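Participant: As listed in TrEMBL for this protein:
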SIGNAL    1-19  signal peptide
DOMAIN    26-249  domain 'Peptidase S11 D-alanyl-D-alanine carboxypeptidase A N-terminal'
ACT_SITE  Lys59  active site, proton acceptor
ACT_SITE  Ser116  active site
BINDING   Lys218  substrate binding site
DOMAIN    345-423  domain 'SPOR'
Amino acid sequence: MIRKFALAICALLAITTFAAVTTSDAQARYASMVVDAETGQVLHAVNADTRNYPASLTKIMTLYMVFDALEKGKLTLKQKLKVSKRASGMPPSKLGLKAGETITVEQAIRALSTKSANDVAVVVAEALAGKETTFAQVMTKRARTLGMSRTTFRNASGLPNRAQKSTARDMTRLAKALMADFPQYYHYFSVGSFTYKGRTHRSHNKLLKTYKGTDGIKTGYIRASGFNLVASVERSGRRVIAVVFGGKTSKSRDRHMVKLLDRGFKKLASQGIRKIPQIPGRNPFQKPMVTLEIAGAGAKQPAPVETAAAVPAARSHAIKPVMPSSQVATADSMEMPVEAESLTNDWIVQVGAFSRFRAAHSSAKSALDRAPKELQGAKVAIQRVDTSSLGTLYRSQLTGLYEQQAREACQTLVAAEMNCVVMQPEAQGSN
């Protein structure tokens with residue numbers, strides 16, 4: 001009797017343990033994260049570092065590699081890529097390419113960003129690395145340089161592979177890096193449809209039409225992952241990047257994403273004007289600001305360049321801003337807190353945060369060109385900041401402004417479809 005009772009208890013424990021493991025595994029598939037794209041501030045995070053299957057979110061990295069090849073001259077948009085037998089044999093979602101035919105690089109980009117075509121992903125991988133497996137290794141290596149420490153790629157499409165894993169945090173880093181490094185190509189993620197050989201393919205990202213300010217970027221689904229989504233939304237000059245892994249259905253995932261985005265923007269709105277530490281900070285462990293003293297419009301002579309460390313030269317051309325949403329904030333619609341005007345010229349206008357120094361510098365120069373009157377006498381300052389969610393960022397700032405000057409400059413820049421945030425340093429304490 002005792003033995004039977006013991007066996008029954010063991011059996012019950014086994015069942016309970018199995019149920020607990022099964023439930024845990026099911027819950028572990030869900031993860032989400034919301035960050036302020038400008039500062040890297042985490043607005044929401046659940047299981048942000050849990051490794052899950054990215055599914056077709058993988059294609060964001062595939063496209064990152066394509067954009068990199070375009071920038072380096074290894075590919076051109078009109079270049080034709082040949083379709084292999086292996087590529088044509090990929091399972092859906094696909095364009096239905098036939099072995100031996102060709103597709104242009106630009107068609108491939110559109111097919112990946114809208115249709116999420118698996119056959120096209122292989123075509124691109126083989127064009128850039130010879131074999132898809134080799135391409136996946138290169139993807140993983142590049143991901144590491146972007147701070148995606150918990151991501152491993154095994155293919156270019158996101159089709160099932162036990163070793164292909166990523167995290168919500170890593171996907172926010174990838175989205176931010178893509179927008180910062182290749183803003184001239186980011187607009188492909190806002191394309192609502194793509195026509196190929198007379199057939200129109202609609203984007204799987206429904207938020208492009210249903211959630212104000214959404215301008216990208218990608219959905220993903222395999223049975224093992226659930227319904228995934230990376231979204232980027234810009235409202236009134238503030239950009240938020242959000243990631244959801246493990247949705248039960250595409251509709252429930254989208255509804256959940258909307259709730260997360262609403263909360264994120266509400267949290268940002270409640271913060272008002274952001275305050276930043278005095279530059280340079282007094283924290284001995286804080287990395288120094290990399291400052292470029294460049295005279296603003298109307299100055300007689302540019303000040304000499306002073307840097308805290310060796311930095312790459314800035315590009316000669318102004319970087320293009322990320323493609324704005326269809327609902328771009330106007331100067332009249334910008335919300336400015338009503339406070340007593342400051343009479344000191346320690347106010348700052350920030351026009352973006354980038355993963356590369358050159359991009360940050362070019363964005364600041366572009367701001368000077370677009371608001372020369374308001375930014376007269378301003379200096380460009382590039383502040384290096386290490387964030388837990390997005391890795392190293394370079395804040396593109398214009399310093400030495402009076403409060404009213406900063407506000408008017410920001411209004412002009414937003415009207416010119418540039419990101420802009422007015423910032424005030426913390427008041428210095430008395431000794």
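Yeah, the Cβs are placed from backbone N, Cα and C, and that goes for glycine too.
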Participant: Name the residue among the recorded positions Lys59, Lys218 whose Cβ has the smallest number of other Cβ atoms within 10 Å.
Facilitator: Lys59
Participant: Summarise the domain 'SPOR' (345-423) as counts of helix, strand and coil residues per DSSP.
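Facilitator: Helix, strand and coil residues of the domain 'SPOR' (345-423) number 27 helix, 31 strand, 21 coil.
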Participant: Please state whether DSSP places the residue listed as 'substrate binding site' in a helix, a strand or coil.
Facilitator: strand
Participant: If H, G and I count as helix, E and B as strand, and all else as coil, what does DSSP give for the residue listed as 'active site, proton acceptor'?
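Facilitator: The three-state answer is helix.
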Participant: So what sits near the residue listed as 'active site' in its own chain, CB-to-CB under 8 Å and at least six residues off in sequence?
Facilitator: Ser56, Lys59, Ser93, His204, Lys218, Thr219, Gly220
